[in-house]
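J.: Handing you a structure now.
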Amino acid sequence: MKFSENWLRNHAPIQANRDVLVATLTAIGLEVENVAVLGEALDLILVARIVNVVPHPESDLLQICQVDVAQDTLLQIVCGASNVRPGLVVPLALLGAKIGALTIKSTTLRGIESNGMLCSAKELGLDTEASGLMELPEDAPIGTPLADYLALPDASIEIKLTPNRADCFSVRGIAFDVAAACASEVTPFHIDEIPAVSARTLPVELHAGANAPRYCGCVIEGIDPAAPTPVWMAERLRRSGIRPVSLLVDITQYVMLELGQPMHAFDVDTLRGPIGVRLSRNDEALKLLDGRTVVLDNDFLVVTDADQPIALAGLIGGWETRITDTTINVFLEAAHFAPAAIMGRGRKLGLHTDASHRFERGVDPALPPQAIAFATRLILELAGGKPGSLIHVQLPEYLPAPASILLRRTRIARLLGIVIDDAEVERILQALGMQVTTQAEGWRVVAPSRRFDIAIEEDLIEELVRIRGYEHLPTALPVGASHIAMPSETRLDMTSVRRQLIARELQETINYAFIDAELLRRWQLNTGQVMLMNPLSAELAVMRPRLLPGLVAALGRNIARQLERVRLFELGNVFTASDEAGAAPLETRHVAAAVCGDAFALQWGEQVRKVDFYDLKGDLESLAAASGAVLTFHSSAQPWGHPGRSADVWCDDMCIGWIGQLHPALTQTLEINVDVIAFELALEPLVRRALPRAHALSRFPFVRRDLACVVPEHVTWSELAITVRDVIGPLLRDVKLFDRYVGKGIEPGFKSLAIGLILQDDTRTLIDRDVDDIMTKVVMAIQQRHDVRIRS
């Protein structure tokens with residue numbers, strides 16, 4: 001939000017100088033990002049009129065001007081500006097004036113004496129982009145100091161607003177906070193009722209319920225289309241970052257900046273009536289003010305004329321009903337549109353307007369009648385005309401009601417640790433525009449309709465300390481002995497998880513907890529979504545149900561930047577909708593990884609090959625080994641996984657995640673042209689671990705036996721391993737798959753697996769007969785359960 005310092009002081013009559021004002025704004029939460037000082041050194045610069053212009057005899061680029069500054073004689077000025085012409089009113093720097101580092105002196109240019117300098121706005125520090133001489137209105141008083149005429153010096157102040165302070169998107173909204181912080185009060189603002197002169201009106205129909213509960217308007221006939229924007233208004237707009245366009249448009253912008261209510265003006269002669277507000281219909285088309293024709297879906301709020309769209313409510317007007325240079329009859333609109341009805345619609349069309357910026361965050365629902373009256377008064381004063389009566393249509397049941405809150409003295413003292421005098425509490429709250437009624441235990445406070453962010457007692461206490469100053473809160477060191485908790489040995493902490501994954505050459509990624517609904521649709525994760533009511537953007541409108549979509553998107557961006565070997569992991573929360581109506585979403589911590597490219601960094605001692613399922617499975621198993629979690633892997637049917645190259649991950653008889661190669665169809669839609677291997681698991685089962693116990697090493701030798709078996713293709717290695725462990729029990733120290741073969745000598749539908757078993761007893765040496773008995777049991781079990789044949 002950018003505004004003029006002088007404009008703010010008109011609403012908040014404070015004595016503080018500019019430096020104190022800037023510091024105060026930041027201290028009360030309205031962070032100042034930039035201050036552009038305007039017109040501090042305009043001595044000896046006057047308003048002048050060019051009386052005569054003749055070409056310079058020695059230069060095609062210079063003109064000789066005779067200039068009137070209300071002195072006895074005309075001044076001769078040599079000028080090279082492209083827009084110099086007789087009758088033009090411009091700023092003139094007299095001899096001795098300073099413009100930046102330049103002091104104006106009498107000089108001779110190509111043999112012609114010049115006794116001053118005609119100035120551009122850029123040279124005077126009043127604009128950053130202007131070219132040519134600064135053109136002033138024809139009625140500007142000649143000989144008047146420019147600083148007096150333009151109400152200078154001034155400053156253009158730009159502040160950064162948090163989303164909850166939509167009320168400060170107006171000069172008057174900011175003034176309430178500044179006045180309260182500086183022990184002052186805002187200047188009263190009242191517009192007298194304007195009597196109707198014209199009988200012309202338009203019927204209004206509201207068909208959008210809570211999306212548009214209030215609509216105000218006024219018809220004004222017979223305005224002067226050639227009336228210029230007065231310099232005081234044009235300068236306030238410029239210093240607020242808005243370029244003047246035409247009087248009617250400038251008045252709507254001016255009212256928006258001063259009061260905070262976006263407005264729109266229609267050429268009433270292009271309207272038939274009735275005016276309506278409704279949701280758009282699929283495939284409705286509308287030509288916008290920027291010249292584009294857009295096709296709408298059924299999710300836009302539109303203003304209609306005879307049920308035909310003429311504007312996108314809260315966004316932008318339509319081409320057919322626009323104000324032109326010949327408009328003499330106008331219909332002013334000021335309405336209250338709900339933030340949810342405007343939010344994200346502009347981004348769908350690539351639009352961002354001052355109106356949508358305000359409506360998305362919330363506009364005072366009580367403002368429309370006041371804004372119409374103010375704009376009507378300005379038009380009558382500056383362009384004449386005959387006003388009609390105020391049109392005011394509303395749906396009271398949908399209008400938000402101001403919060404009425406009990407503020408207790410005891411609660412203030414408990415939260416802040418200090419006692420604030422009753423008089424100070426009442427002064428601050430009343431200066432902020434709140435209605436305050438004294439009660440036995442404190443005050444009954446009604447928040448102003450512009451303050452959507454005030455709903456509970458703590459909000460009021462925050463206002464007190466914000467305006468009074470956080471520096472007045474007591475500073476106290478913690479009392480009592482500090483307690484340093486030892487890390488639990490039954491849990492693997494997050495630092496250890498990160499270190500383990502980093503040791504496996506994975507790099508940590510931190511993504512938003514929000515994600516694009518369209519991306520989830522591609523992953524077939526578009527059920528049970530947790531939608532945000534006020535998203536940062538349309539692309540970040542859903543709380544992520546899994547880490548992988550965002551993580552793989554980050555991997556894709558790295559690939560697009562010519563990185564071939566990418567290894568990423570992320571630790572974060574995921575969100576799913578609760579089965580209970582009205583309950584908070586379920587929040588679970590997950591760990592995920594995604595890799596692509598070569599298995600190893602390029603070096604002479606390693607064979608070059610692509611990373612595969614088993615590489616990432618090894619990374620996952622190393623993480624599980626750190627906590628002692630026992631993982632098993634079963635074939636998966638997840639839609640984003642490659643069939644045959646992905647698995648569900650189980651721990652303690654519960655499916656906790658997925659690992660595998662992404663489905664080629666998915667990577668193609670994500671515009672990733674390499675194989676991506678990934679996993680994602682719930683973190684809680686991985687970080688739980690039993691209390692570590694020490695075991696003595698066996699004094700007796702181990703025995704290794706190998707089995708070569710032919711196994712049906714559908715039988716997985718994990719199923720075989722589980723059977724072997726069940727049969728052997730505690731004597732089995734390890735079981736490994738060390739070879740897999742498919743091809744000549746193995747019939748179709750089968751595979752050959754070579755298994756190594758390590759057997760050991762802690763109490764005695766295993767003899768051949770013991771081992772043979774065990775191996776016989778293993779062979780019988782796998783033959784019966786899995787239709788396995790032993791190879792000789």
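Keep in mind that glycine also has a Cβ here, set from the backbone N, Cα and C atoms.
Swiss-Prot lists these features:
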- Asp453, Asp459, Glu462, Glu463: Mg(2+) binding site (BINDING)
- 39-147: domain 'tRNA-binding' (DOMAIN)
- 400-475: domain 'B5' (DOMAIN)
- 698-791: domain 'FDX-ACB' (DOMAIN)
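So where do these features actually land, and what's packed around them?
T.: Around Glu463 (Mg(2+) binding site), the same-chain residues six or more apart in sequence whose CB sits under 8 Å from its CB are Ile428, Leu429, Leu432, Ile454, listed in sequence order.
Note on the domain 'tRNA-binding' (39-147): mean pLDDT across this stretch is 91.
Mapped onto DSSP classes, the domain 'B5' (400-475) shows 33 helix, 15 strand, 28 coil.
Using DSSP to sort the residues of the domain 'FDX-ACB' (698-791) gives these counts of helix, strand and coil: 34 helix, 32 strand, 28 coil.
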J.: Other than Asp453, Asp459, Glu462, Glu463, which residues of the same chain sit close to Mg(2+)? List them in sequence order, counting a residue when its Cβ is within 8 Å of the Cβ centroid of the site.
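T.: So the additional residues around the site are Arg451, Ile454, Glu458, Leu460, Ile461, Arg466.
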J.: Just give the helix, strand and coil counts over the domain 'tRNA-binding' (39-147), going by DSSP.
T.: 2 helix, 41 strand, 66 coil
J.: Just to be sure I understand the packing, how many Cβ atoms besides its own are within 10 Å of the Cβ of Glu462 (Mg(2+) binding site)?
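T.: Here the count is 16.
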